[in-house]
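Heads up, the thing below is written out as structure tokens.
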There are 2 protein chains.
Amino acid sequence: MGEALKPGAVIGILGGGQLGRMLSVAASRLGFKTCIYEPGGDCPASHVANFHFQKSYDDEAALRQFGESVDVITYEFENIPTSALDILEALAPIHPSRRALEVSQDRLVEKTFLRDLGLEVAPFANVESRDDMDAAVAKIGAPAILKTRRFGYDGKGQARLKSADDATAAWEAMEGAPAVLEGFVEFSCEISVIGARAQDGQVACFDPGENVHREGILHTTTVPANVPARLRTDAVLVAGRVLNALDYVGVLGVELFVTPAGLIVNEIAPRVHNSGHWTQNGCVIDQFEQHIRAVAGWPLGDGSRHSNAVMENLIGADMERVAALAAEVGAGLHLYGKAEAKPGRKMGHVNRISPKG
Amino acid sequence: MGEALKPGAVIGILGGGQLGRMLSVAASRLGFKTCIYEPGGDCPASHVANFHFQKSYDDEAALRQFGESVDVITYEFENIPTSALDILEALAPIHPSRRALEVSQDRLVEKTFLRDLGLEVAPFANVESRDDMDAAVAKIGAPAILKTRRFGYDGKGQARLKSADDATAAWEAMEGAPAVLEGFVEFSCEISVIGARAQDGQVACFDPGENVHREGILHTTTVPANVPARLRTDAVLVAGRVLNALDYVGVLGVELFVTPAGLIVNEIAPRVHNSGHWTQNGCVIDQFEQHIRAVAGWPLGDGSRHSNAVMENLIGADMERVAALAAEVGAGLHLYGKAEAKPGRKMGHVNRISPKG
């Protein structure tokens, strides 16, 4: 396998949540060991990993020890402190690259990157001051949505503007954080593509799924997406373009709005993605294994879909439905081992499969 | 779920090999923690478990500590010392039950149990002395096969008799261990059924697979088995009968010979079984999760098959083929994380799936 990691090698994973947990399981399937770096104790990923550094991201000695004890480093979230990456990159290869992180950590950089690539994005404007805000509203119009440039997820760090009158309230909701004003896009549905790129440049994408959100959090992903075949192809081509432009290694999630004028890229995530969880029960090789294969220098696996699938997230009190879900025919249940089912917290998901027909 | 274990509960597993490893992964999927008891260090199961007691089976204090820190106990091999079970059963429920272990630990007890259940088995006779050997050969005839009553696996502890002249050599090969002489069965193929029984008596079986052995070790399992539908149904009924007779909780493997006169039971294994590994890529719920569900008091899952499958074991030097296997379309690779690829050692397996048609 050339420079591919051999079974027995150690894969370091930054972040110990459910994505790290499912990456660890996928790594074990290929005979790799995993080492989790996560400040929190009893974290989901540590339950199924060989090693757990329960250390802070500003503990330089711990970061150094971690970097020296792994053969490659990957991550399950995009907001890794730059200072930690500076230390780690001298010690082991990091996949996906820092360029992918830089692009996706900042909405302004991300939108600019996508636009410069010739992809369609919502109209946007940088907002770093109250004056910027007025200029942005004048340029973009309303309705619009103001989003913090960094650290937003699951609908957090966002404020909607129904009209220009909401500009002050929206700006104040950012609490001084740099933001981006995005024009409101009239879309019929959201789809996403989970793409993967190997170290030799090989690209493979899973079939696009159709996403439904509730209260800003992904609720279901349905595969195949109920959109014309032409748009499914377009979506895959968009993912391929982003993967190649970033010289990307690993799995990337691309969220797209379906509009009468075609696809508009909403955002990209340089990691395995919630909307790709269906692959665990719909494909021979799931997104987690695909990611591990890429970062380990292995060939990508066969991501073709053997079944149709609907993934449903289990959030907070949905855990009360576990007994019923466990008895459901055709349902694959995946729980994350989190102790407390807080409102809005992702506790697990269920993949319902049916024949491809 | 009544007395079902809640996510977060700890499942104790005796034995840390690949079966324990894949049981741990399945347990994590349902939100359980796992605790492995295994004297060997760096064992396959410990890589994906929360806890590992690296202690001997005669360490009473360690066994006690293990028993007190888990909510239920199961195992991945049938030769657990009775003294260890005596200590553990006072501390936590053990599934499958000791009766299942007693039956499967001793070939004489096993064959007698199966025969008394009205199932067809090969003719057999107990051999505890040189005199018994002569009586057994006179009763059973030749060709025949002499097997130690206990601790045999993968063709070990067996001696073939082509004629009565081989009796002395066969007896001496047992080195004084009690044995059973079994009449040679002319069979067209071997099939196996992986059955499961829940705590409420619910029974579910996976589709029977057809097994091919090489040098006494399972080489491939093909599903569906290429035998008449009637025999596949018979096989499932045999498994159901054994499960109910033992008031069994968990997954059980039943190996059967297909003969012109119908099915003959070869042996049963009170655990997940190598010939059930195909379920990982052929079903929504695999044999490992089915076992965890049963021992945790959950309902059994949907074990229906969405694809055809051929499982191939990777033994010793087969590891040199990993690079090629990783690039194969339709192939799910599963490696066990064992450091050394010794001849005859099970290092992993590959599941090749194809549409059910």
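Note: Cβ is positioned from N, Cα and C throughout, glycine not excepted.
These numbers come from a predicted model, not from an experiment.
Taking Cβ-Cβ distances under 8 Å and a sequence separation of 6 or more, the neighbours of B:Val185 (ATP binding site) in its chain are B:Ala122, B:Phe257, B:Thr259, B:Ile264. Per TrEMBL, the feature ATP binding site maps to B:Arg107, B:Lys147, B:152-158, B:182-185, B:Glu190, B:His213, B:266-267.
Taken from TrEMBL, the feature domain 'ATP-grasp' applies to B:111-296. Mean pLDDT for the domain 'ATP-grasp' (B:111-296) in the predicted structure: 95.
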Among the binding-site residues listed here, B:Arg107, B:Lys156, whose Cβ has the fewest other Cβ atoms inside 10 Å?
B:Lys156
